[in-house]
């Protein structure tokens, strides 16, 4: 039996309905920021509240609400949970085999300054992984690397989440941009160009902002040349590639150029003082001794290459998985004539499952009268997590770890991540209930009431969408058309508003419940999600304000920037 979404369930009053829809979100903020609940407790409680409001206020049939939660939970397991397990597993292999000691030494040979390490790994390397894979892999891997180098786990997770602001809109080979073309009818290239005229301002600023968070303004000024090289190289390539190539490659190209530029720059420039966190002076002294003492072990190029091989394999596998024709074959949707890809397509088809969600698939009708498809999307071979697992299998032979130890490390990883994965499953379940019940649309419609000030508040929709769904792609699909319709009604260029949805969304990623859960899982802070949320929330709001100002100015003052 079909059920039609109602966006004003409380007496036809939009504002009252919006207040009801806000309850789960306000509770989640309160649970983490004030009550400091454990992530899985807050996630499950928020899901429960969302289910109650969906059923009692929005009159959503109980079985449909419950099945919507299961749809989200399954997505939380695959691909998101699977990516986290395999990412942490690969990192643990390098630790178990002693290869991470060599990785640490190789990074220290470039710089043992914590500020510069954050720029190289959190900002540049994290952006590369975002462009190649997305879905939590960038924060999980880069944060684990920073912890291995000696960063405080909370700082590592927080810094990587904030650094991930710059690349999110073009993540996973540009999917957030290409996906929104369908519901809006606006060419992806135009949206790519507009986003590429907004985010470079953030990309220049984020490296400086990261270092200020880490060390304060005065310490940040000590390395301003390196910050400039990192941010400007990234921003320039991001602008050029998004405006002249399209949405697929800005992250990958920007990250590679930024990483290479900074590494080369550090060959001939060093900061006057080496920054380390408070409390690590003793270890810092031993690091300096090891770095300058000729008797300390000096690793050869071959040893360094071997140590980095697991992550080089990860990069290669994720990059291959992101190639459109390969990705199509991995999920059984390839229609070309290449022999190998046709064979891969046959395998991928057998390992891709899309069963309809019982009581839900095409059983919910939106305001336009269109039934909404609801399937359990299980792409076993096509998941980036599988690419990382293959890298872990190949790394077994390179690192010479026994199959027994390899299996033991995998079991330990799964055991450690049980509660974080429960957190992820519950918060994604909450996101799906919010969407399928119509609550998220109610909130979007309420923001659209801001009228002429919508030119300022437009990015807030994207921020809200990413907070709810954990994905810039999902936020664009959720609010993209609403952005277009509202923009036309208030005299705003829809290209700007849809781009602002994506640009605003990137600032919400660092406080998204699933992002918080992923980051905590990667650095061993399960149960400490509230601490990380309190760390990132103020930065999220500040960066959102910057995007709102940029969008407002581009409409009223710099309209020539709109393609």
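Each residue, glycine too, has its Cβ placed from N, Cα and C.
What Swiss-Prot says about this protein:
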TRANSMEM  14-34  transmembrane segment
TRANSMEM  37-57  transmembrane segment
TRANSMEM  73-93  transmembrane segment
TRANSMEM  131-151  transmembrane segment
TRANSMEM  220-240  transmembrane segment
TRANSMEM  249-269  transmembrane segment
TRANSMEM  304-324  transmembrane segment
TRANSMEM  381-401  transmembrane segment
TRANSMEM  419-439  transmembrane segment
TRANSMEM  448-468  transmembrane segment
TRANSMEM  506-526  transmembrane segment
TRANSMEM  542-562  transmembrane segment
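Ranked by Cβ pairs under 8 Å to the transmembrane segment (73-93), the stretches 14-34, 37-57, 131-151, 448-468, 542-562 are led by 131-151.
The transmembrane segment (419-439) makes no contact with the transmembrane segment (220-240), as judged by fewer than three Cβ pairs under 8 Å among residues 6 or more apart in sequence. Tallying C-beta pairs under 8 angstroms between the transmembrane segment (220-240) and each of 37-57, 249-269, 448-468, 506-526, 542-562 places 249-269 first. Only residues 6 or more beyond the boundaries of the transmembrane segment (304-324), in the same chain, are considered here, and those with a CB under 8 A from a CB of the stretch are 90, 93-94, 99-100, 102-103, 105-106, 128-129, 132-133, 137, 141, 145, 172-173, 252, 330, 382, 384, 386-388, 390-392, 394-395, 398-399. Listed by sequence, the residues of this chain that lie at least six past the ends of the transmembrane segment (37-57) yet keep a Cβ under 8 A from its Cβ atoms are 9-10, 17, 20-21, 23-24, 27-28, 31, 65-66, 68-69, 419-420, 422-424, 426-427, 429-430, 433-434, 436-437, 439, 513, 516-517, 520, 526-530.
Highest Cβ contact count with the transmembrane segment (448-468) among the listed stretches 14-34, 131-151, 249-269 falls to 14-34 (criterion: pairs under 8 Å).
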